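Participant: Pasting a structure below so you can have a look.
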């Protein structure tokens with residue numbers, strides 16, 4: 001039995017616009033969208049075949065035509081009446097962790113990923129966003145550790161940065177759903193890049209956040 005519908009939900013979405021969209025300008029590229037609706041559907045169908053919970057935010061950042069692409073498609077919490085009806089109906093019909101089929105609105109074509117629900121203030125629920133600052137000690141420089149860290153973070157849908165430090169450690173910040181951040185910390189502590197030797201992982205700070213500060217996960221090559 002499906003749970004009763006909540007008063008509000010929190011979703012990520014990936015929007016592909018077409019030349020019949022009510023505002024056929026991509027907020028990601030700031031260029032006019034000339035593709036047909038049929039081509040937009042084909043493009044989104046291709047993404048749909050590979051999208052999952054772990055990479056949804058990354059794909060939204062890379063391909064969505066909505067301004068929310070900068071936050072991995074995160075629309076925050078919203079209630080009924082705030083979105084176009086087809087989008088609202090699809091969002092509230094999803095269970096937490098589910099991804100919709102293609103949804104057609106006046107804005108374009110969407111995939112929707114519901115990450116939280118609730119009847120209280122935004123921020124509750126099992127898909128809360130967190131940010132962690134970390135520092136990895138060991139043989140972690142000169143062994144492509146930053147590259148592998150970036151790739152793993154992107155695979156998990158996380159945003160943030162990683163950087164070599166003068167002391168010989170690697171320091172970084174990762175933000176995203178708490179469960180995905182915990183997977184990242186486990187990888188940093190126990191796996192790492194193939195040639196690395198991890199002696200210790202320090203979690204310097206961990207805090208709950210209401211929105212992401214970064215839109216990508218980057219390798220920093222200058223002092224932060």
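Backbone N, Cα and C define each Cβ position, glycine as well.
Note that this is a predicted model, so its numbers are computed, not measured.
From TrEMBL, here are the annotated features:
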ACT_SITE  146  active site
ACT_SITE  164  active site
DOMAIN    6-116  domain 'PpiC'
DOMAIN    131-221  domain 'Acylphosphatase-like'
Participant: Using a 10 Å cut-off on CB atoms, tell me which of the active-site residues 146, 164 is the least crowded.
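Facilitator: The active-site residues 146, 164 were compared, and 164 has the fewest Cβ atoms within 10 Å.
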Participant: So what's the mean pLDDT when you look at the domain 'PpiC' (6-116)?
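Facilitator: It averages 92.
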Participant: What are the helix, strand and coil residue counts for the domain 'PpiC' (6-116) according to DSSP?
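Facilitator: Breakdown, helix to coil: 34 helix, 30 strand, 47 coil.
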